[in-house]
Amino acid sequence: MNEEIIIDVQGLNLWYGENHALHNVTLPIPNRKVTALIGPSGCGKSTLIRCFNRMNDLVSGCRVTGDILYHGQNINGTGADPVDLRRKIGMVFQKPNPFPKSIYENIAYGPRIHGIKNKRDLDEIVESCLHKAALWEEVKDRLHDSAMSLSGGQQQRLCIARTLAVNPEIILMDEPCSALDPIATSKIEDLIEELKKEYCVIIVTHSMSQASRVSDYTAFMYLGDLIEFGETRQIFENPHKELTENYITGRFG
């Protein structure tokens, strides 16, 4: 791989209590590309993506060994600040989760927490992030309406805009389209294509067609193991492992 590596996973193991959920995973994540994590339910893909911004810290009994290097620094090392990490590595969840506030306040909330108080600066951030999330034209005349009044697809794009507002480098997406209709899904996929021009995007998806459409690289996981990783075209057209081929062709899943 000739790409710049922004996250380098080295020998990662994770346990939930006695359950060994990830087994010695080693995976390079390239910057300004889309990497898809695929595999059947329970394979560890959501567990892995939550390691990247230490969301698993919040799970009782979770234990991790191995290294996750972000710009060469181990995110699990002593002195690493998980709050700062989650600003740099944002998360978009399966179900849209806007705050019960106005559209404007959903986006301004994060920058305010990080010390930005000037209204003109906040206005610029809100407009810029809504443009990047392809939502500005739809909401520019109702910024002070409740975010809960938006459609599901609009709410998910608002959540993406909210993530962008604190200036991350990496955007994690855990099945971001599973609760959306085909039209809303298409808009999110178009947005992902634009986002990778500025950000690293890592997406968990159950949809083989979505992974093949939106990603540059694909990692196939099964029962906590990373089975195969490579360029998406190679994974889908010429997988090196029989297990990968069986999953992609629908022989199991």
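Just so it is clear, glycine is given a Cβ too, placed from its N, Cα and C backbone atoms.
Listed in Swiss-Prot for this protein:
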| type | residues | note |
| --- | --- | --- |
| DOMAIN | 7-248 | domain 'ABC transporter' |
| BINDING | Gly39, Pro40, Ser41, Gly42, Cys43, Gly44, Lys45, Ser46 | ATP binding site |
> Taking the Cβ of Lys45 (ATP binding site) as centre, how many other Cβ atoms lie within 10 Å?
Replying inline: 28
> By a simple count of other Cβ atoms within 10 Å, which of Ser41, Ser46, the binding-site residues in the record, is least packed?
Replying inline: Ser41
> Gly39, Pro40, Gly44: which of these binding-site residues has the sparsest Cβ neighbourhood within 10 Å?
Replying inline: Pro40
>> Applying a 10 Å Cβ distance cut-off over all chains shown, what neighbour count does Cys43 (ATP binding site) have?
In response: 23
